[in-house]
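According to TrEMBL, the features are:
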type	residues	note
DOMAIN	58-433	domain 'AMP-dependent synthetase/ligase'
DOMAIN	483-561	domain 'AMP-binding enzyme C-terminal'
TRANSMEM	119-140	transmembrane segment
Amino acid sequence: MTTSSFPIISKPAIEDMETKPNLDYDKVRGNFDWQQMYDELDWLPGGGLNKAHEAIDRHANGRNRDKIAMIWEGKNGEKETYTLRQMKEQSNKFANVLTSLGIEKGDRVFIYMERLPELYFAFFGILKVGAVAGPLFSAFGPDPVKDRMLDSEAKVLVTQPDLRRKITPIIPVLFELQHMVIVNKNNRDPQPLMSGDLSYEEEMSKATANFDTVITSQYDYSIMHYTSGTTGKPKGAVHRHQAVVQQYATGKWALDLQEDDIYFCTADPGWVTGTSYGMIAPWTNGVTQLIYEGGFRASKWYQLIQDYNVTVFYTAPTAIRMLMKAGDDIPGRYDMSSLRFMASVGEPLNPEAVVWGNDVFGMPFHDNWWQTETGAIMCANYACQDVNPGSMGRPIPGVELGIVDDEYNEVPVGEDGNLVVRPTWPSMFHTYWNNTEMYNSRFRKGWYITGDTARVDENGYYWFVGRADDVINTAGHLVGPFEVESALIEHPAVAEAGVIGKPDPIAMEIVKAFVSLKDGYEESTELRRDIMRFSRQKLAAAVAPRELDFVPTLPKTRSGKIMRRLLKARELGLPEGDTSTLEDD
Ligand code: ATP
Ligand code: MG
């Protein structure tokens, strides 16, 4: 099977499209050379390259200096806007603060805070001094913060009062930590500082707004991100400044960012999407970005899209499924007419969800695939192309993907195998921090091994099958959980589904499903039978779940990925392993 049962969503020919998409795929891919994209960057004297300069200063120094870069809405309804020039000044100031604290090129500076404007100023200030920025999810408890701070040996932590108090017990063991800079946004906290802390506001008020960005080379480290930990212990993937070229290019090609866009990316910077596409891609492309401090609430998101005339929306499957769960009628109550492009990443996007987007918003969700390690989008459904619901699209120009067997030899079109990438692509990670051995283990026979399984069809569209670790072997059939989950969520009562292989003496493994129900449905034996019958009709009997449990919610990472390994560990009564990224709800 190379296509889903959902029909292709076709797009008008490019000449006819109201806004011309940023990529004519077939034309570009044939004679592509990354050099032409590198030439679009604004290099620093002596051939230097710095993400902060590309994202902020180059625009702030040009005709767009008074353009709004950031529209921020706080969780208490506060509204602030910042022009490119203000972004430049604020990040310069923070760079001066860091310099006064003795921070130098290559030092690690971590950020542990909510999506406040100051997070973004600090982030770019860190890059401007040539240090390595490490954003952490604000929802982390003390232990995940401790592990990442110790592993990276970060010297400075930028945080906010409540989070500072939360991690007080771990501070004495962070031996490399020299300073904590506390952001007390709009004086929200009456007692923001503990002994030894620095006040962000006070330090910034002493700093000047002039700073010459440290000349970093394209190979210097810029950002490190610990992976989501969906399959195991998070690993610190280290990225270099040159990643900017692919982040810029894919912002244009895969998200179709155009100069007048108002862009809304729902990802937190604690996850790679929140930096690559919540900072670098939009601002290198010079668009206005909406940042919302609060979390997920369907009606709030719709209202934000309406109130700020959002044109491009980038989110994750789990959020889309929650929007679907909230009901088809909600978007109808808001004016969504500003939207022109929607995209999704992080997990396979069920075909059902792609089609739902098309029905309810008049445009499909465009799925794209990449990982922390790849640094930028690698495979996408483009604005200029038909969308195959359930497919993650075609490789971006300049990227070669492959499907190989367990000996790393390419398999024929249409067959499942390991998804691999030909090194090197510009945004490729350079190492796992302190773990070269694991880094080296990801390369075989001239390929980078992604850890995912997929297949490619005759038209060059890639179809995600599963994570290599999650593939289920049942009575001789290899089953990707995604296929089963997608069939389950087509049932009207099912909101989300997670599928695992449960050891079985005869079949080796059986397919077991965990299902959460949409609002308005009650658990019952009847309903369980109905869902199982439904899935047997959709899938081959051998592939359909043999067991099905109802659960109120599925365990997920903070970036919204279903943690199947946790479902499995709980089912089998095994230790849960690393749960530092588990979302608590
Ligand atoms: P860890 O490597 O620690 O287990 P993780 O792989 O979940 O965590 P990320 O780098 O955030 O950490 O996620 C990348 C993975 O997410 C991909 O390898 C793939 O399994 C999944 N993924 C991302 N986008 C898609 C997509 N569009 N379709 C299917 N899967 C996707
Ligand atoms: Mg991974």
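Placement of Cβ uses the backbone N, Cα and C atoms for every residue, glycine included.
Curation plays no part in TrEMBL annotations; they are all automatic predictions.
If you look at the transmembrane segment (119-140), the same-chain residues 6 or more away from its ends with a CB under 8 A from one of its CBs are 50-53, 55-56, 70, 87, 90-95, 97-99, 103-113, 148, 152, 154, 158, 160, 163, 181, 183, 200, 211, 213-216, 220-225, 236, 238, 241, 268-271, 274-275, 279, 291, 558, 580-581, 583-584. Model confidence over the domain 'AMP-dependent synthetase/ligase' (58-433) stands at 96, taken as the mean pLDDT rounded to a whole number. Helix first, then strand, then coil: DSSP counts for the domain 'AMP-binding enzyme C-terminal' (483-561) stand at 21 helix, 27 strand, 31 coil.
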